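One structure is given here, and the rest of the page talks about it.
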Amino acid sequence: MLSLLRNILIYLTICSVIGAFSVSSVKGLGIAIKGFFDDQPVLQNPLTWILILTLVASVTTQINYLNKALDIFNTSLVFPIYYVLFTTIVITTSIILFKEWVAMSVVDIIGTVCGFLTIILGVFLLHAFKDMDINLGNLPHVLQNSDQAPTIKDDKNILIEVDNAGMIADDKPKVFMIYS
């Protein structure tokens, strides 16, 4: 059971599913607010109050599980996975609950799916290459030395960072690591 609680997908799936409830509740409250300004008796309808309670409960639960995931796992790992899971589940929920895609044309559906896939690819590329120091000034040098692997620094586990570039092998400083 303890190893199951060390899986990032458990926390982020719970957070994303609960987040889908909050998005659906906000959409329903938006419809209720529009009805309120059209002089409809939405405050007497129990569904309005159920939506408000669902929104409050889902947002607090979502924040709780997101904070637990951030306490255990690295931020650069949590946010891309959470973003993709949350967006996928919210789109699926809106398809099921609100049947928004029934009235859409095939071209609009393909455009929406392509946009979603572009966002997922962009999130992946941003987080995959965030530690690479490439700019226009050093681009020719980086392209010439493409056989060297980039150094990835995981700042969550490093207590002291020492640059070993100019040191001889005998005088290597000691680096203390904290593993969580």
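Any Cβ shown, glycine's included, is placed from N, Cα and C.
Among the features that TrEMBL reports, transmembrane segment is placed at 7-26 (among others).
With a cut-off of 8 Å between Cβ atoms, the residues of this chain six or more beyond the transmembrane segment (46-65) that come close are 11-12, 14-15, 18-19, 21-22, 25-26, 28-29, 32. Feature annotation from TrEMBL assigns transmembrane segment to 46-65 (among others).
Residues 8-9, 12-13, 15-17, 19-20, 23-24, 27, 66, 69-70, 116, 119-120, 123-124, 126-127 of the same chain lie 6 or more positions beyond the ends of the transmembrane segment (77-97) yet place their CB under 8 Å from a CB of it. According to TrEMBL, the transmembrane segment annotation covers 77-97 (among others).
Counting only same-chain residues 6+ beyond the ends of the transmembrane segment (109-129), those with a CB under 8 A from a CB of the stretch are 76, 79-80, 83-84, 87-88, 91, 101. Per TrEMBL, transmembrane segment is recorded for 109-129 (among others).
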